[in-house]
């Protein structure tokens, strides 16, 4: 009986230490692969959303995606909270200086952007990225490295 209690206590200690791996994230944030994510339902412009994120923590920004698995994780968090599937992400063309090149390989030296800064939203239901005027309001996702 004493051995059973000792083993049970040891397993409890291991479980509690492992369950604390996401504890680096503040309350209401979700943890994935060493990053913390916050889904914000309130609609803001891209700049307001980015400002909101940086006000949470200095190193926090609108979400950036680096794998399909990360997108799937964010979708699993946004779907239950939002009534629709469009959220601001960290991509933008505010400075109109995309690193584009012509199909013949020459650099983009002449620019004729429309003058309306474009920011990127993610359609989380099918992982499409769409360009929208930065002045439109959308929900968004913040991210920082834990």
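Just so you know, glycine gets a Cβ as well, placed from its N, Cα and C.
The feature signal peptide is assigned by Swiss-Prot to 1-23. Taken from Swiss-Prot, the feature disulfide bond applies to 25-36, 53-142, 119-134, supported by sequence analysis. Here Swiss-Prot flags 32-143 as domain 'C-type lectin', drawing on sequence analysis.
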Which of these disulfide-bonded residues is closest to residue 53 (disulfide bond) if you go by CA atoms: 25, 36, 119, 134?
36
Of all the disulfide-bonded residues given, 25, 36, 53, 134, which has the fewest Cβ neighbours within 10 Å once its own Cβ is left out?
25
Out of 119, 134, 142, point to the one nearest residue 25 (disulfide bond) in space (Cα versus Cα); all of them are disulfide-bonded residues in the record.
142
Please report the distance from the Cα of residue 134 (disulfide bond) to the Cα of residue 142 (disulfide bond), rounded to the nearest angstrom.
17
For residue 119 (disulfide bond), list the number of other Cβ atoms lying within 10 Å of its Cβ atom.
25
For residue 142 (disulfide bond), just count the other CB atoms lying within 10 A of its CB, please.
24
In whole Å, note down how far the CA of residue 36 (disulfide bond) lies from the CA of residue 142 (disulfide bond).
8
List the Cα distance (Å, whole number) between residue 36 (disulfide bond) and residue 119 (disulfide bond).
22
DSSP-derived structure type at residue 36 (disulfide bond), helix or strand or else coil:
strand
